[in-house]
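As recorded in TrEMBL, the features of this protein are as follows:
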SIGNAL    1-25  signal peptide
DOMAIN    27-61  domain 'TNFR-Cys'
REPEAT    27-61  repeat 'TNFR-Cys'
DISULFID  CYS40-CYS53  disulfide bond
DISULFID  CYS43-CYS61  disulfide bond
DOMAIN    63-105  domain 'TNFR-Cys'
REPEAT    63-105  repeat 'TNFR-Cys'
DISULFID  CYS64-CYS79  disulfide bond
Amino acid sequence: MSSRRKPANAAAFLIILMKVFSGLGLSCHQGEYQIGNECCPNCLAGNRVKSHCTVESSTSCLPCMTGTYTDQPNGLERCHHCTNCDSGSGLRIKTPCTVTSDALCEPLEGFYCVHPTGHSCERAQEHKHCKPGQYISQNGTASTDTECSDCSSGTFSNGTFHSCQPHTQCHSLNLQQITAGTSATDSQCGEKKDVVK
């Protein structure tokens, strides 16, 4: 009698093991997503799941609402929120969000991207302003900051020039120098004063 129970117990144990491991080994086909122990058809890009499939019905889908998107077939219950290209972060919209693609952002004029992500930008920073005594050696772009260089002796820039300018030579204009030039300012010239004898 005990010899008959062993095969029955072993068979029951194997059935239980198969049930446990069959759920772990579930692999859905391309175009499907797993929910519990079921494989349901994906919703198309631009849609989300309204209700998951059952034995009697297929997946029910709803279009994403304005301001949300899904960019690939999915089994999501919520669409993703569109990226906000915030001008406070130095950004503007490069490509607007649609129900099938997220917005792409780019730096505002006068800003450059400091946190690029793929074809978009998450954060931008205003281009550096050159100081008086420096000139703009390289204009800033959407991806690089402005580069500044110091003026050499005998030249000046107020910080907005693309090259340093030589100081005015007052004597060559038959004028007298009132104020010497600095790296940030030009020489100041004035009429020569007659010397009274």
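In case you wondered, yes, glycine gets a Cβ from its N, Cα and C as well.
TrEMBL entries are annotated by machine, without manual review.
Structure with TrEMBL features highlighted.
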residue	record	Cβ contacts under 8 Å, 6 or more apart
CYS40	disulfide bond	GLU32, TYR33, GLN34, VAL49, HIS52, CYS53, SER58, THR59, GLY75
CYS43	disulfide bond	VAL49, THR59, CYS61, THR70, PRO73, ASN74, GLY75, LEU76
CYS64	disulfide bond	GLY46, ASN47, ARG48, THR70, CYS79, VAL99
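Its Cβ taken as reference, CYS61 (disulfide bond) is surrounded by 19 other Cβ atoms within 10 Å in the chains shown. Here the disulfide-bonded residues are CYS53, CYS79, and the one with the most other Cβ atoms within 10 Å of its Cβ is CYS79. In the three-state DSSP assignment, the secondary structure recorded for CYS64 (disulfide bond) is coil.
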